[in-house]
């Protein structure tokens with residue numbers, strides 16, 4: 001039950017044979033909805049029509065709310081991009097929804113961005129000094145403006161994108177659409193994911209492989225860290241000029257963000273979480289009758305803990321899936337907690353049992369404390385908490401919305417204190433040294449746990 | 001992934017100390033939402049105010065859509081009832097939403113009904129002969145009209161309810177609200193569930209115990225088959241005049257309808273489904289590497305199968321919870337199936353494995369065939385299907401929306417044929433003789449499987 | 001700027017050649033919108049289809065809000081009725097919207113009612129004694145229930161309507177639709193209007209002739225007081241059994257309610273209002289430079305005053321037509337009045353002038369006082385107020401929403417006092433004896449002015 | 001019944017004593033709604049709070065639809081601007097709604113623009129060459145970008161506005177809001193109106209004086225052609241550097257655009273239209289019984305015609321005010337025309353009469369032809385049409401949406417031909433030489449009639 005928020009998901013598609021890609025963008029964004037529930041949008045271009053005639057629609061809301069049948073039926077194009085967003089920078093207003101659609105010297109440009117830059121201020125200042133005017137408060141507009149500026153002295157849009165990318169510091173997975181090209185760029189560290197898929201003559205770019213599957217495309221490969229791919233009528237080309245030696249993939253994609261059925265940079269998310277659970281079992285063994293996970297985020301690691309320990313895996317909670325964003329939370333006076341409405345204990349599954357309860361992280365600690373209390377009230381004899389990530393101790397500058405230190409229980413209290421505060425019989429956090437193994441040996445950015453940022457933060 | 005539809009859920013509450021029950025009705029209906037997603041509503045009365053001043057609101061939509069904060073804040077009362085509905089009889093129009101709120105000789109009456117009568121035609125004819133006029137096409141209106149008619153020659157509303165109940169044939173869980181009384185009635189066979197809860201001076205009636213928990217009330221007991229309970233300022237009274245010798249609880253509550261954390265007529269739903277899975281394991285053992293359930297309905301029985309067989313229990317699918325009612329389904333041309341968007345396979349969890357796939361029922365067979373195909377495509381070596389109910393062969397007259405025979409795969413094909421058609425390596429249906437054991441020994445109505453209806457159907 | 005509210009408008013249509021009447025009902029109701037802006041609805045039947053299959057849609061809101069293209073395109077039928085409503089009896093809730101659509105012994109029935117009964121209580125009591133149950137708080141439901149009850153012992157629906165009509169006391173213009181008949185009934189006094197139109201093989205019934213024009217139908221004649229007309233596949237028939245000797249048409253239709261381009265009972269509304277203005281000029285002559293009316297209700301009488309007096313007629317106010325129901329009224333602190341936003345003075349048209357300001361009625365007096373103040377502030381030398389109706393002194397029991405006595409300025413103050421209170425230089429009300437002349441000699445109900453009700457009120 | 005579309009209306013307000021101006025912007029925009037019904041919006045700043053914290057809301061729709069109570073209650077500020085828009089340039093999409101709210105080197109800037117530039121292309125090219133990126137397709141964004149660019153080398157925002165204004169060619173009434181200043185600018189020819197009002201310590205800028213009245217402000221004076229006014233905490237200052245010798249006020253404000261109760265550049269709109277009608281009477285006298293105007297635009301000139309000719313002025317049509325933008329127009333098959341639904345003839349007012357029918361303009365001629373046909377069908381003996389403007393012959397480049405030549409009846413046909421085509425008995429257009437007299441002697445831009453544009457059009 002992670003309370004962290006992911007920034008965004010991006011999607012791009014180009015049907016070289018001219019088929020309409022609007023439905024595919026819709027299905028791709030639906031598959032990426034878990035990466036952002038605040039706003040969404042899509043932009044499409046007809047590459048055989050008049051250049052620059054981009055149609056777009058975006059607004060606050062879920063994909064199913066913003067992209068209604070009536071809206072989609074009016075749009076058509078063989079080249080399109082889409083975006084789902086949770087705001088980490090920029091206010092939560094309709095104006096900040098993406099894709100950004102802009103016109104500039106060379107026609108039109110649409111851009112969707114996942115991630116967070118750390119030199120936005122400098123980049124913006126450079127533009128502002130020259131009289132640039134901003135409509136939004138997003139990093140994405142800064143990137144788009146630099147591309148437009150560079151385009152004046154460039155031979156092609158990809159050259160302008162490349163020149164711009166050289167200046168960007170931070171995390172980004174970008175999909176960019178010029179009237180007749182689809183471009184994808186990934187930051188040199190590979191902090192944010194981006195992959196390539198193909199279906200017949202159609203190329204797809206997406207934050208996660210699950211979105212490829214949703215449109216029937218085969219996974220081709222990940223965009224490499226620092227790589228730019230250009231998809232045009234001639235097919236796909238690649239530029240790796242920005243690639244560096246060091247890569248650092250965001251560890252939290254493997255712990256929580258990415259969808260269970262995705263494969264990012266060669267590592268299956270389900271496998272990673274199973275491995276995470278197994279390592280927890282090795283680090284913190286305990287005698288127990290049942291291993292269970294907090295729905296839904298703790299379930300796979302619980303399964304891994306079970307596999308390693310031999311303790312049976314099972315359910316302990318029922319989750320009411322009808323409690324959505326409009327749910328009216330009970331007041332104190334009404335005696336119920338929101339957690340009670342969302343999750344209820346399966347009493348006979350836990351009664352008299354010693355339970356290992358696995359979750360992906362602890363932020364404030366209130367939710368897990370509630371769940372432990374519920375389990376004990378239902379008759380659980382012991383509740384041993386295992387967390388499939390180390391304690392959060394440092395801010396993330398790359399797009400993950402880690403709360404500030406004073407709200408992080410781990411930055412104030414020791415593990416023993418937290419264990420007592422949440423009412424657990426024992427508590428074990430994933431050890432730092434096992435993170436890389438969990439993520440299949442990939443080089444990781446795990447700065448939120450150890451403070452070692454892959455690049456200098458000023 | 002049962003494709004059957006439940007009729008309804010009902011909820012009633014009376015705070016004898018005069019507190020506002022509107023929030024509690026909201027939470028109760030939220031907890032019962034799984035029983036009906038088509039329309040919902042609530043009605044409240046202020047027992048200390050002018051009699052008959054009932055406020056109500058109802059419409060097509062989910063609880064979270066129909067009962068918005070603005071609406072609820074304008075309502076207040078210490079006595080209230082609520083309803084969630086999926087239409088089995090009556091069209092899907094706003095007019096058919098419940099509770100019904102009516103005025104008649106003795107003031108006002110609100111009524112919410114779960115179930116289906118089999119003598120509606122006769123009951124309606126009797127009224128119509130005397131000039132009755134109907135606004136809706138629901139059973140509930142027929143019941144309410146008879147109550148009103150009986151009230152003329154009765155000393156109290158409960159007497160009128162009793163006289164009416166004597167005439168009703170079929171399944172019903174009723175909550176009725178007169179300006180100062182809350183009445184609950186359950187049909188003599190106990191086909192539909194209804195239970196009693198209490199919190200301090202507040203009495204609660206609900207279709208399932210999970211709704212009691214949602215408002216912090218303790219479970220007191222089930223309303224008995226054929227019992228009428230009357231809650232008034234004096235407390236709770238009971239009338240068992242209608243109770244017969246034979247009871248027959250709907251087996252499908254235990255297989256699929258009821259919420260996993262509810263206890264109906266003394267039998268925990270989670271336990272029943274675990275037992276169902278165990279009996280499947282005994283009836284149809286198989287050598288396999290993984291037991292998994294179709295989300296969400298097949299999960300508990302899969303766990304039971306695992307416990308009995310010793311084969312590890314685990315997940316095989318990711319479920320996209322953002323695919324709701326407004327999801328635009330792919331057309332044939334777009335190559336994707338809705339099942340693909342809603343469920344995707346966790347490849348590494350199934351690759352190379354022999355899998356036992358458990359679900360609660362097969363209606364048309366298309367969904368399970370799709371899932372088997374997906375598992376095999378992802379590398380599953382074998383897929384053995386186990387169904388925690390016998391094949392559907394007979395219509396239900398009591399409120400369960402079993403499709404007509406020509407749409408039921410089991411009424412046309414043998415188990416062997418179905419196994420082949422869906423592409424399974426083996427297929428086993430729960431055996432009829434184990435149903436009662438699954439439901440903890442309760443006498444059951446299992447007519448949809450064996451054609452033995454608890455009462456004569458004309 | 002009358003502040004009185006009309007009850008309703010009704011519309012019925014039957015295309016004997018089977019054409020779809022849904023668009024015509026829409027246009028008819030749009031033409032009658034001035035008679036009720038609170039809710040509206042329509043019901044249609046396909047007389048060649050299965051009997052009783054009535055489609056309907058109704059809700060709170062204007063015709064343009066409730067009857068959207070999407071809704072209307074799904075409906076079709078050759079027989080239909082419609083209704084616009086302002087609530088005088090019954091609360092302002094969606095449930096009270098009309099037409100009422102009911103099922104009873106002989107199938108279905110839809111009914112739309114304009115007017116108010118004075119024996120509703122007795123009629124309801126009779127039904128309630130026999131166990132009737134009411135969904136709404138409208139007169140219309142009482143009428144429909146009696147029709148249904150009578151139908152049991154009648155040979156035809158028209159016989160049941162007739163038997164029912166015999167019991168009704170009060171004002172009514174009814175259109176009733178059985179699956180294959182359209183019936184119109186008008187109360188014996190003719191208090192409420194109803195007329196007949198025809199276009200090729202299509203018959204139309206409507207509260208006002210303007211609605212006939214809106215669908216291209218020719219005016220045939222008014223339904224006579226106490227007449228019932230039955231339109232079926234065989235054509236139109238008539239029953240005049242209920243007709244009495246005395247008729248009494250509602251005077252306020254001529255003063256304010258009816259549309260300027262309608263002709264009711266042979267009297268053109270425009271002509272009547274011109275005559276009203278002329279009689280005011282004869283009763284209260286004054287030396288002045290400009291005759292003007294309060295938009296829009298005072299304009300025609302002002303023109304009449306001008307014609308008789310020879311004083312030029314002109315405009316004095318601009319009316320902002322964008323101020324609708326959702327307009328957020330200024331608070332006291334914001335210093336502006338709603339009247340100021342809605343109407344502003346054309347300064348140069350009034351500066352230095354002696355003005356005759358004509359309106360149709362004074363209820364509370366605040367609006368006219370505001371307007372006089374605005375005129376004087378803009379430089380008008382004198383403002384002489386002429387009201388084209390006598391002072392309200394008595395309640396209306398037939399559907400006009402005259403405020404209670406303590407809110408009627410004329411029931412507390414003399415004309416001289418009112419003149420002073422509103423800041424006018426002189427004030428003249430239409431004299432009682434000229435009302436009949438205004439309405440072209442028709443026998444009138446003018447009880448709101450003189451207390452002489454056409455029937456006994458208990 | 002002019003079919004021309006005005007571009008926009010602007011409004012700005014600054015309460016130097018810190019009061020909340022949000023309600024005043026709402027009332028101001030409501031008063032200006034006639035100038036644009038496609039989209040609207042407002043932006044407010046709290047001058048005592050943190051600079052640059054501008055709140056805004058804008059969308060497609062009327063003021064009453066876009067600016068709902070819930071929205072306005074969340075906004076607060078002592079400095080604000082607002083806009084109503086009908087699109088002449090730029091597509092009709094929500095993104096093009098105004099005010100534009102931008103951030104740039106010196107913080108934030110909000111801008112609302114009425115009018116049309118003729119050198120947008122050049123201005124945009126200059127920006128685009130330097131890498132500017134556009135979100136919208138409006139002139140307004142081009143203006144805002146130049147201001148931002150100039151701001152880099154300017155000491156104040158007003159200096160940047162002035163430098164920008166020097167480059168603008170065309171028509172503009174601008175209100176600009178920096179975090180602590182309200183600036184108004186009017187183009188050197190005064191093509192578009194803008195005026196200043198005051199209420200206590202509150203300054204107001206508005207396109208028309210009627211908007212000042214709506215917020216209780218006194219008219220102070222018009223912003224002069226080429227003048228920039230700067231309202232800051234120190235009060236109001238003025239810069240007239242841009243003022244030239246020649247001015248040319250848009251004649252169509254006086255004929256049709258401006259509200260009847262406004263006074264623009266010292267000339268009352270009501271007076272102008274009365275004078276227009278009088279000059280028509282002198283140019284084209286005729287023997288007739290009634291002078292009437294096409295509602296609502298022809299009414300005042302009809303009154304003027306009546307005053308000059310002595311022929312009585314009166315109404316001939318009833319206008320259904322419930323026919324709004326969502327009205328479903330009848331199809332050909334349904335035999336009714338939209339004109340019929342919107343306007344109906346007052347038969348007894350016209351029967352047997354010789355009528356002078358006055359309107360403000362003829363664009364395609366279909367509407368007036370319909371009305372003449374309706375009048376004759378109702379018994380009018382003669383219909384003499386008088387148009388209070390000369391025939392349209394030339395395009396407008398300054399913001400008035402004159403249709404292209406091939407749609408203008410007057411560019412293809414002679415007056416005699418038109419008279420015959422529309423079925424009139426005579427037809428007279430306002431003579432060019434009388435336009436200036438109509439507008440009180442003001443120098444006018446009347447290029448749409450005579451092709452003499454006040455500036456060179458390339």
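Placed from the backbone N, Cα and C atoms, the Cβ positions cover glycine too.
TrEMBL labels come from automatic prediction, so no person has curated them.
Matching D:210, D:396, D:419 to the [4Fe-4S] cluster binding residues that TrEMBL gives (D:250, D:445, D:448) identifies D:396. The annotation in TrEMBL ties D:359, D:360 to Mg(2+), and of the candidates under consideration, D:297, D:414, D:426, the one tied to the same site is D:297. In the three-state DSSP classification, residue D:297 (Mg(2+) binding site) falls within coil. The Cβ centroid of D:250, D:396, D:445, D:448 marks the [4Fe-4S] cluster site; residues of that chain outside this set whose Cβ lies within 8 Å of it are D:191, D:251, D:252, D:398, D:400, D:446, D:447, given in sequence order. Counting only the Cα atoms, the space from residue D:360 (Mg(2+) binding site) to residue D:448 ([4Fe-4S] cluster binding site) is about 14 angstrom. You'll find the Cα of residue D:297 (Mg(2+) binding site) roughly 18 Å from the Cα of residue D:8 (active site, nucleophile).
Contacts of residue D:445 ([4Fe-4S] cluster binding site) defined by a Cβ separation under 8 A and a same-chain sequence distance of 6+ are given as D:189, D:191, D:248, D:249, D:250, D:251, D:398, D:453, D:454, in order along the sequence. Recorded residues residue D:448 ([4Fe-4S] cluster binding site) and residue D:359 (Mg(2+) binding site) have their alpha carbons 17 Å apart, per Cα-Cα distance. You'll find the Cα of residue D:8 (active site, nucleophile) roughly 15 Å from the Cα of residue D:396 ([4Fe-4S] cluster binding site).
The average pLDDT for the domain 'Glutamine amidotransferase type-2' (D:8-234) in the predicted structure is 91.
Summary for the binding-site residues D:250, D:448: the Cβ-based neighbour count within 10 Å is maximal at D:250. Note on the recorded positions D:8, D:396: the fewest other CB atoms within 10 A surround the CB of D:396.
Residue D:396 ([4Fe-4S] cluster binding site) sits 20 Å from residue D:359 (Mg(2+) binding site), taking the Cα positions as reference. In the three-state DSSP assignment, the secondary structure recorded for residue D:448 ([4Fe-4S] cluster binding site) is helix.
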